[in-house]
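Participant: Pulled the feature table from TrEMBL, pasting it below:
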type: TRANSMEM; residues: 28-49; note: transmembrane segment
type: TRANSMEM; residues: 85-106; note: transmembrane segment
type: TRANSMEM; residues: 127-151; note: transmembrane segment
type: TRANSMEM; residues: 163-188; note: transmembrane segment
type: TRANSMEM; residues: 195-216; note: transmembrane segment
type: TRANSMEM; residues: 236-255; note: transmembrane segment
type: TRANSMEM; residues: 276-296; note: transmembrane segment
type: TRANSMEM; residues: 308-326; note: transmembrane segment
type: TRANSMEM; residues: 362-384; note: transmembrane segment
type: TRANSMEM; residues: 390-416; note: transmembrane segment
type: TRANSMEM; residues: 423-446; note: transmembrane segment
type: TRANSMEM; residues: 466-488; note: transmembrane segment
Amino acid sequence: MNISLLDPIGEWNPQIFREFKGRLNNRNVFLGIGASLAIQLLLLLYFWVQLPSRKIELYHPYCTETEGFCTINWPEWWKDLHHSFSWILVLTLVVGGVYLLVSNLAEEQRRGTLNFIRLTPQSTYTILLGKMLGVPIIIFLGAAVALPLHIWSAIAADFSVPLLLSFYVLLGAICGFFYSLGMLYVFLGGTQGAIAAGTATFCLWLSLYTDFGILYDYYMEFQDLQWFWTAIADNIFAFRGFAIFNCLLWIYWIWRGLNRRFKNTTATIFSKKESYSLVACFEINLLGFVLPQINLFPPSNYVFENSIIALALINLCWFMGLIAMLSPHRQTLQDWARYSHTQNLKYSWQDWIFGEKSPAPVAIAINLGITIGIFLPWILLYPIDSKEQIWAIAGIFIACTLMLIYAVLAQLMLLIKNNKRAIWAASSIGIAMIFPLLLLGIFQVNPDYVPELYLFTPLPFLGTEYISLNGFLGVVLSHSSIIAALTWKLKQQLRLAGESQTKALLAGD
């Protein structure tokens, strides 16, 4: 390809020029265009063979008449083709782009070339934007070749221009979100593009399954969906607008983390102070979906219980990610421990809450408190009997204590003398979460038989419904003892790490 054509792009963003120069060779361009044309041809052939013959006796979805002759309903045929094409377009751009981006960044990080890029005068945003737009350029080229057929199928299916444009805006927002998330995965220590792409596929499948504004007419089954009493599914534009808003909101937060980690590879993704705003933003967003339920008539215990369980599962995944983003590693903790003895008590507590290098469990506890504070009024205002409310509050409290156990355990594992400490931390939490459930499943222990055991699993709500007051207090005491023991061990390890670091520095002098 003629490199001089890329000079204006290089003046705007040198990193994009570097990526384009390495990828836009004749072989890659022909492969990208050829693959795009082949997929379009196969899609057209598939739908062509779905067309009925002129004489048909049975009902066919593409017939407007069935008495003797079949008049083909071409708008319906084009609509189905366009929907399938949209799915292929979204999956290819997101999954393929995430895979290439993660693999490229992980490779550059492994070879050390990313450190040289950091030394350039370009800003973090310029470099990472160049990566995001440059690495998947062949996929973008294939998508551009597919646009004429995609647009034509939309026109033939009688879709309006604003509807089509809103799809492209949403597609861009979804790609931006998943690409940003993929880069964050690399800076958290991830190296496998296939894992990131697989995760993106699963998340995207969920959004496509619920038709989160991606397609045109299937979203109507969610037309009662409200967010802070605002009907966001009254029409497709409101639905897509809400999806775009959320994508942009989380892109903003992800890029704050990317900027922080790119400048300092030993820093946590977010500072503790930032995490409090981040958690409040996330939880208020979730609250918007469940708050309108307090106006349900008649009140539904079933809806309330399902909402509580859904919120618990979402927050379990959320806080697992938060622990990874806030927990500093061994060297950072050693530096903090070495200087902490010179700080007075007041400053020390401020450092645990806001410090850049202090352990994460206190910040995790504060974020759990923020979460409880946001959802507790909703639970108390929900028009159900007090027994259900107590069940929910007890379950949330136990879930929070479990999360604290996981946070302290992860911080302990990140303090060990092992280059694979992040894997050890993730494995330890995974065992702590899965092993109790596995044992209960093997021995077929029902929640109503020994509910106390379920309060040691990530699904404590299964047991709080059946547990007695004495049993609940016993579990709380057990959780508190585990937290106290792990915290004592963490403080001991921090003290030893600080002493060994100080001795090493004195020996060096």
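Placement of Cβ uses the backbone N, Cα and C atoms for every residue, glycine included.
TrEMBL entries are annotated by machine, without manual review.
Map the listed features onto the structure and describe their local environment.
Facilitator: With a threshold of 8 Å between CB atoms, the same-chain residues lying at least 6 positions outside the transmembrane segment (28-49) that come near it are 1, 77, 80-81, 84-85, 88, 138-139, 141-143, 145-146, 149.
Note on the transmembrane segment (276-296): residues 225-229, 246, 249, 253, 270, 303-304, 307, 311, 314-315, 318, 322, 363, 366-367, 370-371, 374-375, 378, 381-383 of its chain, located 6 or more positions outside it, place their CB under 8 angstroms from a CB of the stretch.
With a cut-off of 8 Å between Cβ atoms, the residues of this chain six or more beyond the transmembrane segment (308-326) that come close are 188, 257, 268-270, 272, 275, 279, 282-283, 286, 290, 360, 363-364, 367-368, 371, 375, 392, 395-396, 399, 403, 406-407, 410, 426, 429, 458-459, 461.
A Cβ distance under 8 Å defines the sequence-distant neighbours of the transmembrane segment (362-384), meaning residues of its chain 6+ beyond its ends; these are 272, 275-276, 279-280, 283-284, 287, 290-291, 293-294, 296, 299, 301, 304, 311, 315, 319, 322-323, 326, 352-353, 392-393, 396-397, 400, 403-404, 407.
Sequence-remote contacts of a segment are chain residues at least 6 beyond its ends whose Cβ falls under 8 Å from one of its Cβ atoms, and for the transmembrane segment (390-416) they are 304, 308, 312, 315-316, 319-320, 323-324, 327-330, 333, 359-361, 364-365, 368, 371-372, 375-376, 379, 422, 424-426, 428-429, 432-433, 455-456, 458, 460-461, 464-465, 467, 472, 475-476, 479-480, 482-483, 486-487, 489-490, 493-494, 497.
Same-chain residues lying 6+ beyond the ends of the transmembrane segment (466-488) with a Cβ under 8 Å from its Cβ atoms: 361, 394, 397-398, 401-402, 404-405, 408-409, 412, 447-448, 451-452, 455-456.
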Participant: Please give the sequence-distant neighbours of the transmembrane segment (423-446): residues at least 6 beyond its ends with Cβ less than 8 Å from one of its Cβ atoms.
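Facilitator: Long-range Cβ neighbours of the transmembrane segment (423-446): 320, 323-324, 327, 405-406, 409-410, 413-414, 416, 453-454, 456-459.
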Participant: Other than its close neighbours in sequence, what residues sit by the transmembrane segment (163-188), given a CB gap under 8 Å and a spacing of at least six beyond its ends?
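Facilitator: Answer is 86, 89-90, 93-94, 97-98, 101-102, 105-106, 109, 128, 131-132, 136, 151, 154, 196, 200, 203-204, 207, 213-214, 216, 236-237, 240-241, 243-244, 247-248, 250-251, 254-255, 257-258, 261-262, 265, 269, 324-325.
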